[in-house]
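Asker: Here TrEMBL flags 100-125, 137-158, 165-185, 191-214, 226-248, 254-273, 327-347, 367-388, 400-419 as transmembrane segment. Residues or ranges marked as domain 'Major facilitator superfamily (MFS) profile' by TrEMBL: 100-449.
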């Protein structure tokens, strides 16, 4: 007989006298001949009849069942992969992969805070320089001049160099451009337009880098939640920028928010480079349990609407543009982004001009919809992952979430036309933007392979 001590990752439930008792460790006696013969030998590691040591964290996908008889104690191991491989909520939120996506969420929050600050600053800037509303629109659109082309170039760079490096360069560049915006505004109008275009150019790599990191760190059954967390930071950045900008302007002048947000970006880059890695297997602090879980889950086949072989090289653009799925994603992204950026850029001005409320109140009314979007985005991701885990095909799940993300906001925006007060207008916009977040679990997560 040999003895062993089991120290599992989770409690063992022992069946004694028709009762289940949860315990953290157990000492058992067994013969040198292993009592259970499994056809899947690779699940059992570090089993020694000499030392009698079994590390349950390395016996992935097993359930320990102990029975007590009048003669002796015996035990057997039965495969139960789903139970062991599915992490509970606490394990999920404390995992290294969630720490990585939380850093991505912070980067995207800074991304939109740096973007939306001009939507608030444009009101006092227009008054100071005598700009018309149409010219104010040109100043705000200068961000999109750079943003128009950089996602394509950024996606190509991410494929070659990985999401970690490209995200770091992107955050560093847009933070520098944001920090220098006060200098550019004091120099000339052309310099201001150029600096905002640089911000847009740098921020264009953020979403491709985020998608790359999520695809490398998360299995398919968790990706919608991961994207929801990251995009929660993205939309929270709108609320942060809209709420903090008027406060910082009142304390440090019109350009106070630009300086604060720019410096925050530099701090983020330092933490990002020192605490993350491009892939899980390169992370120095990831546990063996989590690494094996990620690698094993990513190898599992899922129900797909169309079977395809993963590409090993970047396909040529001509071939990409000849495929209908490519155009469906392009059209969905165009429609989503058009509504997103129009509402984001003009919402403070809308409340200020239509309902004649001051800038701080307009910013608060504008911040509420984006705060709700961060919450509903996670609900959409949770719903998407649940549908996939229960057997719904990935293709059908993406279509359902995308349909919700387009139809519901359209109905809400029609209702906005009947709003007679800023409270009702904010309520309709909250419904529209909140339901719009379901698109993040549609076309956006569908970009990942």
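Our numbering is plain: 1 for the first residue shown, then up by one each step along the chain.
Positions of Cβ are set from backbone N, Cα and C atoms, glycine also.
Caution: TrEMBL annotation is automatic and unverified by curators.
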Asker: For the domain 'Major facilitator superfamily (MFS) profile' (100-449), report the average pLDDT of the model, please.
Answerer: 86
Asker: Quickly jot the same-chain residues contacting the transmembrane segment (226-248) by Cβ under 8 Å, restricted to those at least six beyond its ends, or write none.
Answerer: 97-98, 101-102, 104-117, 119-121, 210-211, 214, 217-218, 256-257, 260-261, 344, 348, 359-360, 363-364, 366-368, 370-371, 373-375, 377-382, 433, 437, 440-441, 444-445
Asker: Do any residues, 6 or more residues outside the transmembrane segment (100-125), come within under 8 Å Cβ-to-Cβ of it, and if so which ones?
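Answerer: Tertiary neighbours of the transmembrane segment (100-125) are 131, 136, 139-140, 143, 167, 171, 174-175, 178, 185, 196, 199-200, 203, 206-207, 210, 213-214, 217-218, 226, 229-238, 240-242, 244-246, 249, 254-255, 257-258, 261-262, 264-265, 268, 271-272, 275-276, 344-349, 352, 359, 363.
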Asker: Is the transmembrane segment (254-273) packed against any residues at least 6 beyond its ends, judged by a Cβ distance under 8 Å, and which are they?
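Answerer: Residues 103, 106-107, 110, 113-114, 117, 120-121, 124-125, 128, 164, 167-168, 171-172, 174-176, 178-182, 185, 241, 244-245, 248 contact the transmembrane segment (254-273) from elsewhere in the chain.
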